[in-house]
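Enquirer: In case it's useful when we look at the structure, here is the feature table from TrEMBL:
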type	residues	note
DOMAIN	1-120	domain 'FZ'
DISULFID	C82-C106	disulfide bond
DOMAIN	146-462	domain 'Peptidase M14'
COMPBIAS	563-573	compositional bias 'Basic and acidic residues'
REGION	563-586	region 'Disordered'
Amino acid sequence: AKCVDIALSSCTDVAYTQMMYPNFLDQKSREVIEYSSEYLLISVIHNLLQGECNPDLRLLGCSVLAPQCEKDKVIKPCRHACENLKKNCLPAFDAIDMAWPYFLDCDRFFVGEEEGCFDPLAKLRGEVDVEEDSPSDLPATFIQFKHHSYSQMVSTLKKTASKCSHIATTYSIGRSFDGKDLFVIEFSTKPGHHELLKPEFKYIGNMHGNEVVGKELLIYLAQYLCSEYLLGNPRIQTLINNTRIHLLPSLNPDGYELAAEEGAGYNGWVIGRQTSQNLDLNRNFPDLTSEAYRRAGIRGARLDHIPIPQSYWWGKVAPETKAVMKWLRSIPFVLSASLHGGELVVTYPYDYSRHPMEEKMFSPTPDEKMFKMLAKAYADAHPVISDKSELRCGGNFVKRGGIINGAEWYSFTGGMADFNYLHTNCFEVTVEVGCEKFPLEEELFTIWHENRDALLNYMEMVHQGIKGIVSDKFGNPIKNARISVRGIQHDVTTAADGDYWRLLPPGTYMVSAQALGYSRVMKRVTLPNRTKRAGRVDFVLRPLEPWPNKLLRRSMEETHDPYDPLELFDPHTQHGQPEAGGGAEAGREKPWWWSYFSSLDLHKPLWLLKQ
C-alpha cells in the first residue's frame, strides 16, 4: 500500500494531503468510501446537529475514513482528541436520539501520544500553519506591523503569553461557526483568576470580519504590554498590576478569512462583514433597549440586569454571540470597547433610538455623563480624532469632539454595547478606528501609533468611580447585592466575592447597598476632579426579616429567565434550537433524521439507532 492524494470531497480541508487504502474500516477504494453510510454521515452531520460540534466531527471522521499517510505509512489519530470531542458532543447526539458512531470509537481506532499519533483537530486551534520565526537579530520587543492570518494570530498570542507567562495566559471563550477558537490573551498578576477588588477590562476586535484594524491593534497591544512590562515601563506595570485585562482580537475569524481573500486595500462593505451563517454579530444580541424604554416610565423599575426574553432564543443566534454572552456571565467585567472600522469616531449607548421610527435621535442612558467621559478619554488621546480639521476622515464629528451618541449617529437594534450595559455591569463604547476597513500593510505602523496612547488611556478609565466590598456583620461577602446611586436609574451588582465597581464621573453622590434579606445602607460619597484611582466604599449589611418590599424582592431574584439556554450552552459548540412538538416525535418507528439515509438500500446505519 502506498500514499495517495485525498480525493474525498468532504475531507479536502484536513491538515494533511495524502491518505492510504484500505482505511481503518477496511474500505479499499474511493468509491466504496463515498457510497458508505459512514461517509454519508460525516457529510450531513453539520445539518443534523445544526452546526453543533462541527467541523470537528467531520475532521475526526475523516481521520478514520481517510487516514493520514506519510512515506507510505499510516499515522493514527490521537485518542485524547476523540475523547475530548465525545465528552463535549455526546449530549448533541442524545438530543436527536442518535447513538455515537461506532467508527469514532476512541479505543478502537485512536491511539495514545506515545504511539506517535496526530491531532486531527489541531488545525482548528491554529496549530498547523506555524508563523515564521522573526529573524534572530531582532530585539525581543520587536513588533511586526503586518496583517495576521488566523493561525499567525494564534501563534503570536501564544508566543507573547509564553514570553510573559508570569503575567499572561491565553484561553478560548468558544468556537466560531466554522470551528475556530475565539482566542483571548489575558494580562494580570494572577493570570486565569479574578482577584478581589481588581477590575476586569476587555477589548474586542474584528466583530465585523472585514474591519481588520481592531484585530491588528489588539495583537500589537498584547505584544506591547508584554514587552513594556518586562522593560519596567511604570505606566504599563501599574496598569497590569491593578487591572485584569482581556484582549479578544477576532470575534469573527470566519468573516475575516473571506475578507482576506480580497486582500489588503479592499474596503467593500459586504464581503466578510458577516459570519459564516450570514449573521451580523452587532445586530445579533438581544434587544433589551426596547424593554428599557418601556420600563423607563414605570416608577421604581430598574434599567439594569434586564433578562433575555424567551422569544430571543427562537431566532437564529450565532455561536459567537452566545460565546460572548456566556463570557460576560463568567467574568464581572467593568469596562469594555469594541473596535470597528469605516469611520473615525467614538460612539456610546444607547445605539437604538428612543423612537423606533427615528433613525437619528439622541438617546442617552442614565449614565450619559459617564459615557461621554469614557468616549472622550479615547478621542482626546487620539491625535487624529482630536484634530480640529474637518477635511479628514471623521471630520464630520469635529464639532462634537470626535464622539457621538450611537442612536444619534444611526439607530439599530441587537447591538453588543447596549446589551453589555443593560444585561451586565459592564459599560462598553464602540470605537471606529479609521475610514479604511482593510488598509495596506504599510499603513499599520502609523495606525498603531495613532491609537496606542488612546488604547492605554481608555483602559485606565476602569479605575474611575468607586469600588468596595459588601459583606454581612461577620465579614461574609454578599453576592448579587445592588449598588444604587441616587439620581441614576441604573444599578450594578456585586460579584461572587462581594466586590463591586461603579464607574462615576467626579461629583458628590448618595450611594446605597441592598441585598435580599438585608437592610439598606446609604453613604455620601465625594469624588474629586482628576482622580486616577477608584474610591474605596465598603458596606456592611444587617439581616432584616421579613422582607418589606415584595416588588423589590421579585426584581432582585429574577435576574435571568426561568428558561435560559445560555446556562446549558457549551460555548465550544453551537446550541441547537428546541423542537416544537417533540412528544409526537418519540412515537415514530425511526427518528426524523433517518430519511437522510434513504438512498442506502443495503447499508443503512442501524448502528446509529439507540437500542
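Cβ atoms here come from the backbone N, Cα and C positions, even for glycine.
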Enquirer: Sorted by position, what residues of the same chain at least six away from C82 (disulfide bond) have a C-beta under 8 A from it?
Expert: L60, L104, C106, F109, F110
Enquirer: What is the number of residues in the domain 'FZ' (1-120) that are helix, strand and coil, as DSSP sees it?
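Expert: Going by DSSP assignments, the domain 'FZ' (1-120) contains 53 helix, 17 strand, 50 coil.
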Enquirer: CB neighbours of C106 (disulfide bond) within 10 A?
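Expert: Other Cβ atoms found within 10 Å: 20.
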